[in-house]
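Visitor: Structure in structure tokens, see below.
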Amino acid sequence: MKYVLDVHTHTVASGHAYTTLLENAKYASEIGLKVLGTTEHGPKMPHAPHIWYFYNYKVLPRKIYGVTMLHGCEVNVVDYKGNLDLPEDIVKDLDIVIASLHEPCVTPGTIEENTAAILNVMDNPYVDIIGHPGNPAYPINAEEVVKKAKEKNILIEINNSSFKTSRIGSVPNCTEIVKLCKKHGVNIILGSDSHVCFTIGNFDKIQEILDSIDMPKELIINTDEKKLLTYLKSKGKLKDLVID
């Protein structure tokens, strides 16, 4: 299956990634991606960018090397109430927002607490994607999360790095989540979570799961850039962007 976008990527600005914005955009162009999202870690992650970094996205062009660039953040959920580590006046102006649970930012809790954190963050109108919800460090009630995602029109991310270098043990959880998304008709978005340009657009391990359960193409956002851009525009974002 051909995928044309990857919106979960990091640059050197995140502190533990290895390539620049231009290097990422150039690589995305070379492999034929049409949309690239830069979603740096929120400020509570050690060595993440200062909040001014996110304010200043406005200086960046919408296209680099012919690739449509989305300027966003992987915000950190900082408590079980679903609060984030970026103020609303910044979050509301980002092109795309992924909300994730990370151990340096919120202590893993019980299934009920972890689930509450995700359910609560989905009430935030500026959150677009739940990042790597299959992380075994944060066990959740996946069915509740998927049902809430459908109710709130939130995308569920399946994260390729969860099967390679991070969050070891995610395969069973992610498989269950994909099955539930298929059952309930919830859109998923594939993310590379690249911290170096060479993994951008690589969803090889995710593809094995998708093939094993015959996931409908219609529920995979990455197959058509218009699916994503239309979705974001429906939430009041990307006001400057004209969809061809």
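Keep in mind that glycine also has a Cβ here, set from the backbone N, Cα and C atoms.
Copied straight from Swiss-Prot:
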{"type": "BINDING", "residues": "His8, His10, Glu74, Asp193", "note": "Zn(2+) 1 binding site"}
{"type": "BINDING", "residues": "His16, His41, His195", "note": "Zn(2+) 2 binding site"}
{"type": "BINDING", "residues": "Glu74, His102, His132", "note": "Zn(2+) 3 binding site"}
Visitor: List, in sequence order, those binding-site residues among His10, His102, His132, Asp193 whose Cα sits within 10 Å of the Cα of His16 (Zn(2+) 2 binding site).
Guide: His10
Visitor: Using the structure shown, find which entry in Glu74, Asp193 (the binding-site residues) has the sparsest Cβ neighbourhood within 10 Å.
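Guide: Least crowded of the binding-site residues Glu74, Asp193, by Cβ count within 10 Å, is Asp193.
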Visitor: I'd like to know which of the binding-site residues His10, Glu74, His132, Asp193 sit within 10 A of His41 (Zn(2+) 2 binding site) at the Cα level.
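Guide: Qualifying among His10, Glu74, His132, Asp193: His10, Glu74.
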Visitor: Translate the DSSP assignment of Asp193 (Zn(2+) 1 binding site) into the three-state scheme.
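Guide: In the DSSP reduction, Asp193 (Zn(2+) 1 binding site) maps to coil.
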Visitor: Can you give me the same-chain residues 6 or more apart in sequence from His195 (Zn(2+) 2 binding site) with a CB-CB distance under 8 Å?
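Guide: The answer is His10, Ser14, His16, Ala17, Tyr18, Ser161.
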Visitor: What is the nearest of the binding-site residues His8, Glu74, Asp193 to His102 (Zn(2+) 3 binding site), using the Cα of each?
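Guide: That would be Glu74, the closest of His8, Glu74, Asp193 to His102 (Zn(2+) 3 binding site).
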